[in-house]
């Protein structure tokens, strides 16, 4: 993947700002072509931003527009299972009037929530670290002309970004469900 094909959030911000400035300058000096070109840059930047955030979150893994696929931390899946099993126990305990089963289910559900949250944090932090290391390594490898290492670091960046986006997706989804 060349650097011009890389979908980057930072690049989208820079391109959007450049487009806004060109559009404003064109407006001030009365240049329709600068206004149109600036607007086109802003629209391209929005498309870059959208592509940078494109992920498919499926049970147990995340895939991104870069082609990277990451597996969720085991605590995320186990925590989700414990929440479901705990909620079922709590429901059955409530229906049967069995307070011990109901309380056991409530505790398992809460433990599952904590377990899943730990897995999400682990994936988010690990993804951010891989993303940063991949970006730095790719830049250094690019300066030295080592194309093989540059591609390896780009892959590390893309994998980290995918892992981070997958955790973000689940965190946001859970926050929205609690509202």
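The backbone N, Cα and C atoms fix where each Cβ goes, and this holds for glycine too.
TrEMBL labels come from automatic prediction, so no person has curated them.
As annotated by TrEMBL, region 'Disordered' applies to 30-81 (among others).
Taken from TrEMBL, the feature compositional bias 'Basic and acidic residues' applies to 39-51 (among others).
Beyond the region 'Disordered' (97-119), the same-chain residues lying 6 or more positions past its ends with a Cβ under 8 Å from any Cβ of the stretch are 72-91. Taken from TrEMBL, the feature region 'Disordered' applies to 97-119 (among others).
Here TrEMBL flags 100-114 (among others) as compositional bias 'Polar residues'.
Annotation comment: TrEMBL describes 148-179 (among others) as region 'Disordered'. Under 8 Å from some Cβ of the region 'Disordered' (148-179) lie the Cβ atoms of residues 1, 6, 53, 55, 57, 61-64, 66-70, 72, 76, 120-121, 123-124, 126-138, 141-142, all in the same chain and six or more residues away from its ends.
The compositional bias 'Polar residues' feature in TrEMBL is assigned to 152-165 (among others).
Summarising the annotation, TrEMBL assigns compositional bias 'Basic and acidic residues' to 166-179 (among others).
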